Amino acid sequence: MGNEESIAGDQTGILAQDPYVWYRAFMMEYPSGLQTLHEFKALLGLQGLNQKANEHVDQVFNTFDTNKDGYIDFVEFIAAINLMVQGKIEQKLKWYFKMCDSDGNGSIDKKELRNIFVAVQALNGQHTMNPEEFVNFVLQKADINNDGELTLEEFINGMEKDRDLLEIVSKSFDLSNVLKIICNGKQAGLGKVKMKSL
């Protein structure tokens, strides 16, 4: 697995914008310099979700909120976009793992894996496969000690050894639809920043 590989696909033009353009658009949309969870959901058109769906979206928001202050600031915003677009595979896999590990105990169980899969599929408005099929496939391929949980090491090693698994996980956790909404926008402000090569 080469370190220069990217799962970004055709997303590479997103950061071609001048950083000042991104900053200005972010600050116009969020004058406080901070995006709240409510604003994140509003940007993505995710108001009125049921409790379970809200919890899933909260988990995605929390992975963007790296300093855990309850907000996404501009640096976190750009870092998340940069990771999704230009990050190396190992960086993305670590981020996927962190996104799945909702209780922060250093391992992913079936419930956590299923929940984040459902959340990302809901954010993207797509369904690459059945949640149970996805969970069973990932665990079958990566759970070396068959304990029903994945450590970070098992997760990364499983992806490195099995290109099919890497492809399915990459597609299943793909947040390009979120990037399209952020960049092309349903709303004003950030929506005016256009992606160059989607």
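Glycine residues also receive a Cβ, built from the backbone N, Cα and C atoms like all the rest.
In terms of DSSP helix, strand and coil, the domain 'EF-hand' (52-87) has 26 helix, 2 strand, 8 coil. Per TrEMBL, the feature domain 'EF-hand' maps to 52-87 (among others).
According to TrEMBL, the domain 'EF-hand' annotation covers 88-123 (among others).
TrEMBL lists 130-165 (among others) with the feature domain 'EF-hand'. If you look at the domain 'EF-hand' (130-165), the same-chain residues 6 or more away from its ends with a CB under 8 A from one of its CBs are 1, 89-90, 93-94, 96-97, 106-110, 113-114, 117-118, 121, 172.
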Number of helical, extended and coil residues in the domain 'EF-hand' (88-123), per DSSP: 26 helix, 4 strand, 6 coil
Arithmetic mean of per-residue pLDDT over the domain 'EF-hand' (88-123): 86
